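Shown next, in structure tokens, is the structure this report addresses.
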Amino acid sequence: MGLLTIIRKNRLKAQEMRILFLGLDNAGKTTILKYISHEDTSATSPTLGFNIKTLALPSSPYTLNIWDVGGQRTLRPYWRNYFEQTDAVVWVVDSADRMRMQDCKEELRGLLSEDRLAGASLLVFANKQDLPGALNISEIIASLDLNGIKSHHWKIFPCSAMTGANVFEGLDWVVSDVAGRLYYYSSTSLDSSSVSRPHDINTSPAPV
Ligand SMILES: Nc1nc2c(ncn2[C@@H]2O[C@H](COP(=O)(O)OP(=O)(O)OP(=O)(O)O)[C@@H](O)[C@H]2O)c(=O)[nH]1
Ligand SMILES: [Mg+2]
């Protein structure tokens, strides 16, 4: 058992998870974080550094330490400063930003090649599904070549930070995936009835 695994297990004993929100600028990371923190989502401004929130989901015994880091191009080299001890990456995509899907794919690919993220679960939020013209889940899986990801557990959820659709369902999945992977997940501690099925290539995307 590697040192990193021992550290991770010890942290899970303390019932904490470190979750890193990343994605291109304007994807909706901060708005999602506001939604799950029950804050006003109507106004956000670009994140120039990072936001951190510590919160508990109603359906989970774990305390989540969520780091939301600015995604502007000039800030992306600093993402690596946040990788240490990350249990899960939440990759937020602006589903309506068709022009930048290639950029989005390349940044995600680069991220997944980082050694310090090797054991992290990956939740992809296909955000802004409320916008007309948003790519659906199948289109985003194809655009980002998600089926090519063999190195990480991943799932994609369509969501909207504006309506809140599927936001907690996605988080529930990633929390249970981290907990299950590290053996400290107890089926009694996370109410499985609250975990909706994620949408990946094997399931039909649900409208949000
Ligand atoms: N329609 C719609 N707009 C959204 C949604 N999520 C975020 N937005 C809007 O998208 C813009 C960018 O949202 P942010 O949350 O600041 O994006 P970010 O990913 O944190 O951006 P950076 O901090 O620059 O990396 C804001 O105007 C939000 O109101 C969504 O689900 N639907
Ligand atoms: Mg932000």
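Glycine is no exception: its Cβ is also placed from the backbone N, Cα and C atoms.
As written in TrEMBL, here are the features:
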BINDING   Gly23, Leu24, Asp25, Asn26, Ala27, Gly28, Lys29, Thr30, Gly71, Asn127, Lys128, Gln129, Asp130  GTP binding site
BINDING   Thr30, Thr47  Mg(2+) binding site
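Rounded to the nearest whole angstrom, the C-alpha distance between Thr47 (Mg(2+) binding site) and Gly71 (GTP binding site) is 8. Checking the binding-site residues Ala27, Lys29, Thr47, Gly71, Asp130 against ligand 2 with a 6 Å cutoff on the Cβ atom leaves Lys29, Thr47, in sequence order. For the binding-site residues Thr30, Thr47, the largest tally of other C-beta atoms within 10 A is found at Thr30. Distance noted between the C-alpha atoms of Gly71 (GTP binding site) and Thr30 (Mg(2+) binding site) is 10 Å.
Pairwise Cα distances among Gly23, Leu24, Asp25, Asn26, Ala27, Gly28, Lys29, Thr30, Gly71, Asn127, Lys128, Gln129, Asp130, which the record gives as the binders of GTP, peak at 22 Å. Taking the Cβ of Asp130 (GTP binding site) as centre and 10 Å as the limit, one finds 15 other Cβ atoms among all the protein chains shown. Within the same chain, residues at least 6 positions away in sequence whose Cβ sits under 8 Å from that of Gly23 (GTP binding site) are Lys29, Gly71, Trp91, Val92, Val93, Asp94, Cys104, Glu107, Phe125. Lys128 (GTP binding site) carries neither a helix nor a strand DSSP state and counts as coil. Ranking the binding-site residues Lys29, Lys128 by how many other Cβ atoms lie within 10 angstroms of each Cβ puts Lys128 at the bottom.
Look at the binding-site residues Asp25, Ala27, Gly71 and count other Cβ atoms within 10 Å of each Cβ; Asp25 has the fewest. In the three-state DSSP scheme, Thr30 (Mg(2+) binding site) is classed as helix.
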